[in-house]
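A.B. asks: After the C-alpha cells below, expect a handful of questions from me.
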Amino acid sequence: MSRILFILLLLIVTQLSELQAAAFSVRQNRFDEVPDLQTPAPLATSTESSKKPEKATSGLLKKCLPCSDGIRCVPQIQCPAHVRMESHEKPQICDLPAGKFGYCCETGQNHTAPKPETSPKERRSGFPTILSPAVLDEARRNFEHLMHGVAQIPVRRGFPDFAHGLVFHSTAKDDLHNFAISNSAIEQVMTTQLFGKKEQVPVEDFITNNVPIKFTETPLAHHCQPPPVCGNIRSVYRSMDGTCNNPEPQRSLWGAAGQPMERMLPPAYEDGIWTPRAHSSDGTPLLGARKISRTLLSDVDRPHPKYNLMVMQFGQVLAHDISQTSSIRLEDGSLVQCCSPEGKVALSPQQSHFACMPIHVEPDDEFFSAFGVRCLNFVRLSLVPSPDCQLSYGKQLTKVTHFVDASPVYGSSDEASRSLRAFRGGRLRMMNDFGRDLLPLTNDKKACPSEEAGKSCFHSGDGRTNQIISLITLQILLAREHNRVAGALHELNPSASDETLFQEARRIVIAEMQHITYNEFLPIIIGPQQMKRFRLVPLHQGYSHDYNVNVNPAITNEFSGAAYRMGHSSVDGKFQIRQEHGRIDEVVNIPDVMFNPSRMRKREFYDDMLRTLYSQPMQQVDSSISQGLSRFLFRGDNPFGLDLAAINIQRGRDQGLRSYNDYLELMGAPKLHSFEQFPIEIAQKLSRVYRTPDDIDLWVGGLLEKAVEGGVVGVTFAEIIADQFARFKQGDRYYYEYDNGINPGAFNPLQLQEIRKVTLARLLCDNSDRLTLQAVPLAAFVRADHPGNQMIGCDDPNLPSVNLEAWRA
C-alpha cells in the first residue's frame with residue numbers, strides 16, 4: 001500500500017511540473033500540438049488551497065465546493081483584484097469546465113477589493129477632496145500654453161505616414177469632433193497631473209482610481225458626458241451608436257461609440273496618469289521599438305498546416321467592428337508629423353507636437369539605413385474624458401461601438417447609417433458594376449492616400465474599408481448579405497415598411513455575424529478549452545442566460561493594444577490569386593493593394609479573391625512578421641514604408657500596458673525570472689533587447705508562446721481574447737442567444753434554430769458572383785486542401801442555409 005501511495009504522489013508532482021512548463025512553452029519554428037495549457041496557480045499553491053473548503057472525490061482528484069449564492073466561478077484573469085490580495089485574502093477556489101480551476105469572485109472587473117475606511121490605503125490618501133481654484137487656473141494656463149505652443153506641422157500626402165493616419169479616419173466632421181473630445185480629456189489629465197504633483201499623491205492611488213475627486217463642481221464639468229436618457233429601454237432593435245444597451249440608467253453608455261477602453265490591470269503610466277511606459281524595471285530606458293522588432297520578429301515563411309487566410313481576414317473585419325482608435329490631431333484635423341521629411345531625423349523639441357512618440361531607427365538598421373531613415377512617425381492615441389467625471393488616468397477613445405454588431409456594414413451613428421441606406425426595400429446602397437453589386441464609391445477625398453487611387457475607393461460603415469483589398473472583399477460580402485436578406489424578407493412580407501425591413505435584416509445579419517464568430521472563428525483562435533472555461537460555446541438549442549448587467553462590454557487596452565494584434569503575425573506578404581481550378585494566376589504583394597482597390601473593378605477578381613482567402617494558408621501566429629508589414633507597410637509609391645511590429649510595441653507603451661510578466665500573474669501563473677526559461681536562441685535575442693523578463697512588452701511575450709491545444713495563439717493571448725469575448729457576450733443585452741426576458745428583440749425558438757444553421761461557407765456561396773466560384777470548403781476557415789475538408793457545391797442541399805420563412809409575419 002505504501003508503495004502505491006508513493007507512486008501516486010510521484011505522479012502528482014510530475015503532473016504539476018509538466019503543467020507549469022507547458023503553460024510557458026515558447027513557440028518553436030514549427031506548429032506543434034501541445035498538451036493542455038492549464039494555468040498552474042491553484043494547484044501550485046497547496047498551502048493556500050488547504051485553507052479553502054473542498055470535498056474529496058476519488059483517488060487523486062478533489063472537487064471544490066460550489067461558490068455561494070450569487071457569486072460566480074470565473075477564470076483567475078476575470079477576477080483581477082486577486083493580484084493585489086495577500087494569500088489569506090484570495091478568493092475561494094472553484095471548479096470550471098474542462099477540469100480547470102477558477103475563483104469565486106466577489107470583486108468583478110474591479111482592480112482592487114473594497115478597503116475599510118480605516119485601512120492604511122485610505123489614511124495615506126488624505127489629500128483635499130475638492131479641486132482648488134488655484135490648481136484649476138494653473139492647469140488651464142498649462143493646457144492653453146500646450147495647445148497654442150504646439151507645432152502645426154502636418155503629414156504630407158503620398159508618404160507612408162499619411163496612409164497610416166487613415167486607419168484612424170472616419171469623416172472630416174467626426175475627426176474634428178474627436179479632436180474636441182480628446183482636448184477635453186487632455187485638459188482633465190493635465191489637471192490630474194498637476195493635482196498629483198502638488199499633493200504628492202501616490203501613483204498607486206491614481207492607477208487604482210482611489211482619488212475620489214470629481215470635476216462636477218468645476219469649470220471642467222462641461223467636459224463630462226452625462227448618460228443619455230433612454231426613452232424606450234425595451235426597443236426591439238439595438239441603437240446604431242450602442243447607447244441604451246445596458247438597462248441601468250447610469251450604465252446606458254457602456255459599450256457605446258465614443259466611450260473609453262477598459263483595463264484588465266491598472267496602467268503602467270510612469271506617473272500613474274498619462275506619461276508613457278519608457279523605463280525598464282531597473283530604471284534604465286527601454287530599448288527602442290524598431291530595435292526590438294528587427295532583433296526578435298524577423299520574416300520567416302511558416303504557412304499554417306490547417307487554417308487559411310480567411311481566418312486573418314475575418315479577424316480584421318471583426319477588429320474593425322469592435323474598435324477604432326483615433327490619434328491626436330492638429331487643430332485643422334490634419335495628421336501630426338513627428339519626423340523631418342522622409343524620416344531623416346526626429347523633430348526638435350521646439351518643433352515637436354506634445355503627442356509625438358517617434359520611433360528611433362538606428363544607423364545600422366539593415367533596411368531603413370539604405371534610405372537614410374532615422375525616424376518613423378508615431379503619434380499618441382486620442383483620449384476621452386473619464387465617464388465618472390473623476391480625476392483619473394488617461395483613457396483611450398474607441399470611435400465605434402464595442403459590440404459585435406456589424407458596425408462596418410451599418411456604421412456607428414444614425415448619420416453614418418443614413419448615408420449607407422437606399423431607403424427602398426430595407427436595402428443598402430450599392431454600385432452596379434456591369435451587373436455586379438459593389439460598395440458605392442466614396443466622395444471622401446481622404447479615404448485613400450493617393451488622389452488617383454481615391455477615384456475608385458469605396459464607402460461603407462467604416463472609414464478603413466479601403467485599407468487592403470481583401471478587407472474590401474468581405475465588406476462587399478456582408479453588404480450583399482444584408483440586401484439578400486432584406487430582399488427575401490420583402491418577398492415574405494410585401495407590406496412591411498422600408499424601416500422594418502432594414503432593421504430586421506440588420507438584426508439577422510448581426511446574429512449571423514455573432515454566430516459565425518463564436519461558433520467557427522473564435523474556437524480556432526483560442527482553442528476548445530478556453531471556449532468552455534469562459535462559457536463561450538454557442539448552444540445547440542434553447543436560450544442562453546449569461547447576460548450580466550454588471551459586465552461592461554467595452555474592449556480592453558490589453559485586447560486592443562496587444563492580444564488581438566496577434567493577427568498581424570498571421571498575414572502573408574502576398575496574395576496568390578487563384579482561378580477556378582486552383583491555378584495561381586497572379587501574385588500580388590500586399591503593400592500594392594493597401595488603399596488601392598482598383599483591382600476590384602475587374603470582373604472576376606471578387607470571386608478570385610474569395611477563393612484565395614479560403615485556399616491560401618495563413619501564416620502561423622508566432623514571432624515572425626512579414627516584411628510587407630515590417631518594412632513596406634503603407635509604402636504607396638515610396639521605396640519604403642513603416643514597421644507595424646515596431647508600431648505595435650510603441651502603441652503598447654503609449655497605452656500604458658503592463659509588462660508580459662504581470663499578465664502571467666493575472667492568469668494565476670508563475671512569473672518568468674530568467675530569459676533562460678525560453679529556448680536558447682530566443683533567450684539570447686531577448687537578453688539583447690530587454691534588461692530582465694519584467695521588461696518584456698506584452699505583445700512580444702504573447703507571440704513567443706506556444707499555441708494552446710486546438711488554437712493558434714499562446715495561453716496569455718488566449719485568456720485575454722477569451723475574456724474579451726466573454727465581455728461582448730455577457731455585457732450585450734441584444735446578444736442573439738438571449739430570450740425576451742433579457743433581449744427585447746429576441747428571436748423566437750424557430751428563428752433562433754435557423755440562425756444556428758448559418759456558416760461562413762453559406763455566406764460565401766450566397767454572396768459570390770458565381771463567375772468562378774461554384775463551390776466552397778465546408779469549413780470556410782480551414783484550408784481547402786486540408787484532409788477531411790471537402791469542397792461542396794453552392795447548390796448542394798448538404799450545405800445548410802437559413803430558412804427565412806421563419807420570419808413570415
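Note that Cβ sites are derived from N, Cα and C of the backbone, with glycine treated the same way.
From a predicted model like this one, the values you see are computed outputs, not experimental measurements.
As annotated in Swiss-Prot:
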SIGNAL    1-21  signal peptide
REGION    36-55  region 'Disordered'
CARBOHYD  Asn110  N-linked glycosylation site
MOD_RES   Cys224  N-acetylcysteine
DISULFID  Cys230-Cys244  disulfide bond
DISULFID  Cys448-Cys457  disulfide bond
SITE      Arg464  site 'Transition state stabilizer'
BINDING   His568  heme b binding site
DISULFID  Cys765-Cys794  disulfide bond
A.B. asks: How many Å lie between the Cα of Cys765 (disulfide bond) and the Cα of Arg464 (site 'Transition state stabilizer')?
C.D. replies: 25
A.B. asks: So if I draw a 10 Å sphere around the Cβ of Cys794 (disulfide bond), how many other Cβ atoms end up inside it?
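C.D. replies: There are 17 of them.
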A.B. asks: What's the CA to CA span in angstrom from Cys448 (disulfide bond) over to Cys230 (disulfide bond)?
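C.D. replies: Per the Cα atoms, Cys448 (disulfide bond) and Cys230 (disulfide bond) stand 37 Å apart.
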A.B. asks: Between Cys244 (disulfide bond) and Arg464 (site 'Transition state stabilizer'), what C-alpha distance do you get in Å?
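C.D. replies: Between the alpha carbons of Cys244 (disulfide bond) and Arg464 (site 'Transition state stabilizer') there are 26 Å.
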A.B. asks: What does DSSP assign Cys244 (disulfide bond), in three states?
C.D. replies: coil
A.B. asks: When you rank Cys224, Cys230, Cys457, His568, Cys794 by Cα distance to Arg464 (site 'Transition state stabilizer'), which of the recorded positions ends up on top as the closest?
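C.D. replies: Closest candidate to Arg464 (site 'Transition state stabilizer'), judged by Cα separation, is Cys457.
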A.B. asks: What does the structure give for the C-alpha distance between His568 (heme b binding site) and Cys794 (disulfide bond)? Integer Å is fine.
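C.D. replies: About 31 Å separate the Cα atoms of these two residues.
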A.B. asks: Long-range neighbours only, meaning 6 or more apart in sequence with Cβ under 8 Å: which ones does the residue listed as 'N-linked glycosylation site' have?
C.D. replies: Pro80, Ala81
A.B. asks: Please list, in sequence order, the residues in the chain of Cys457 (disulfide bond) that are at least six apart in sequence and whose C-beta is under 8 Å away from its C-beta.
C.D. replies: Leu441, Thr442, Asp444, Ala447, Cys448, Asn466, Phe595, Pro597
A.B. asks: Compute the C-alpha separation of Cys794 (disulfide bond) from Cys224 (N-acetylcysteine), stating it in Å without decimals.
C.D. replies: 53
A.B. asks: Taking the Cβ of Cys230 (disulfide bond) as reference, which residues of that chain separated by at least 6 in sequence fall under 8 Å from it?
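C.D. replies: Correct list: Thr243, Cys244, Pro247, Pro249, Ser252.
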A.B. asks: Just name the most isolated of the recorded positions Cys224, Cys244, Cys448, Cys765, going by other Cβ atoms within 10 Å of its Cβ.
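C.D. replies: Ranked by other Cβ atoms within 10 Å, the recorded positions Cys224, Cys244, Cys448, Cys765 bottom out at Cys224.
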